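Inspection log for the structure reproduced underneath, given as structure tokens.
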Amino acid sequence: ACKDGFPTATCQHAKLVGNCKNSQKYRANCAKTCGPC
């Protein structure tokens, strides 16, 4: 059930700049890239 709602590049950038930790929006929409799936 883990998938990225945003494009992969967007999610990888979000991970790089720390948005996975800081932004609920990115956690939700980049679950595959950000999260422990």
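Think of each number as a place in line: the chain as shown, counted from 1.
Cβ atoms here come from the backbone N, Cα and C positions, even for glycine.
Annotated in Swiss-Prot:
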- CYS2-CYS37: disulfide bond (DISULFID)
- 2-37: domain 'ShKT' (DOMAIN)
- PHE6: site 'Important for binding to potassium channels' (SITE)
- CYS11-CYS30: disulfide bond (DISULFID)
- HIS13: site 'Important for binding to potassium channels' (SITE)
- CYS20-CYS34: disulfide bond (DISULFID)
- SER23: site 'Important for binding to potassium channels' (SITE)
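When the neighbouring Cβ atoms lying within 10 Å are counted for each of the disulfide-bonded residues (CYS2, CYS20, CYS30, CYS34, CYS37), the highest count belongs to CYS30.
Within 10 Å of the Cα of HIS13 (site 'Important for binding to potassium channels'), not one of the recorded positions from the list CYS2, PHE6, SER23, CYS37 places its own Cα. CYS30 (disulfide bond) sits 8 Å from CYS20 (disulfide bond), taking the C-alpha atoms as the reference points.
In this structure, the C-alpha atom of CYS20 (disulfide bond) lies 14 angstrom from that of CYS2 (disulfide bond). The separation of SER23 (site 'Important for binding to potassium channels') from CYS11 (disulfide bond), Cα to Cα, is 12 Å. When the Cα atoms are compared, PHE6 (site 'Important for binding to potassium channels') and CYS34 (disulfide bond) turn out to be 11 Å apart.
Across the fold, the C-alpha of SER23 (site 'Important for binding to potassium channels') and the C-alpha of CYS34 (disulfide bond) stand 11 Å from each other.
Sorting the domain 'ShKT' (2-37) by DSSP state (H, G, I as helix; E, B as strand; all else coil) yields 24 helix, 2 strand, 10 coil.
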